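Q: Okay, these came from TrEMBL:
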REPEAT    8-81  repeat 'Solcar'
REPEAT    100-190  repeat 'Solcar'
REGION    201-222  region 'Disordered'
REPEAT    227-306  repeat 'Solcar'
TRANSMEM  286-304  transmembrane segment
Amino acid sequence: MAAASSPPPFQTALLAGALAGTTVDLSLFPLDTLKTRLQSSQGFFAAGGFRGIYRGVGSAVVGSAPGAAFFFCTYEATKQALISRRATLGGPGSDSSPSSTPFEHMLAASLGEIAACAVRVPTEVVKQRAQAGQHGGSSLSSLMAILSQHRAVGLTGVWRELYRGWGITVMREVPFTMLQFPMWEALKGWGRERRARTGHGLFGESTAGDAPGNRSHGGLSEVSAPESALYGSIAGAMAAGVTTPLDVLKTRVMLSTQRESIASIVRTIVQEHGVRPFFAGIGPRIMWISIGGAIFLGSYQWAVNTMERKRLVL
């Protein structure tokens, strides 16, 4: 039975999420650019090939911290609300029920992604157009090109353009996180039980000197940042491979010169190229998200563990 951990405080989740999001997006931006160009309908080299792999980094810098902070604040708050509700309805000891935990993680991750998409989708639209070489390959130029449409389409039209691909992004992110986060949490639960049983972590670190701030719900020692990074990498790689077709559709929607329905894009791809394009960029995507999962969830765990220890000391 995997041990459940108590969610960190709101401020801890906010700061740790912002740090994790910025770290992973800046570290892996070149791989993300290559993946976007592989999925572009223009073709890899027409979209820029290996040139200018930091095009669009400005929008990533602006959107990373608030997007990840939105996600983790919503995720941890939802987990806490569900745990409290289950404890109230089920009586004493119900908060350790293993059967409810995966559902709680799926629901919390889904709501977290929807919240994060409020920031992520506009920055992703701007970033991917710059990555694909549109508007001179500049984030600012891509943003200004969208904003300049207000005279022709009005503010509502500009808003719709900034949020182009909202539906397919949510369709991609929700299944992805519903796979990644329950796996990550389950692996962490296994890691906590293993630490309690053996007296040391997966990488040999002793748990004897763990501070109370590094204890999860029920008194079990929380996993270390490297251990969380390994679990995040495994979970991310598996979820990335499964959701690659949704990622391809999201990229095509955001890069299309005029608005197209998802059904129309699917038909065009299948009629012209078959199913192969749905897995375009799967290698870079798995590599990027595997490494990204390690950096993202490892740095998040490091920040949470560090801030919780300092909070209790103060």
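A Cβ is built for glycine as well, from the same backbone N, Cα and C atoms used for every other residue.
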Q: Under an 8 Å Cβ to Cβ limit, what residues of the same chain, 6 or more beyond the ends of the transmembrane segment (286-304), are close to it?
A: 8, 12-13, 15-17, 19-21, 23-24, 27-28, 31-32, 35, 68, 72, 180, 184, 222-237, 239-241, 244
Q: List the helix, strand and coil residue totals of the repeat 'Solcar' (227-306) as derived from DSSP.
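A: Looking at the repeat 'Solcar' (227-306) with DSSP, the answer is 69 helix, 0 strand, 11 coil.
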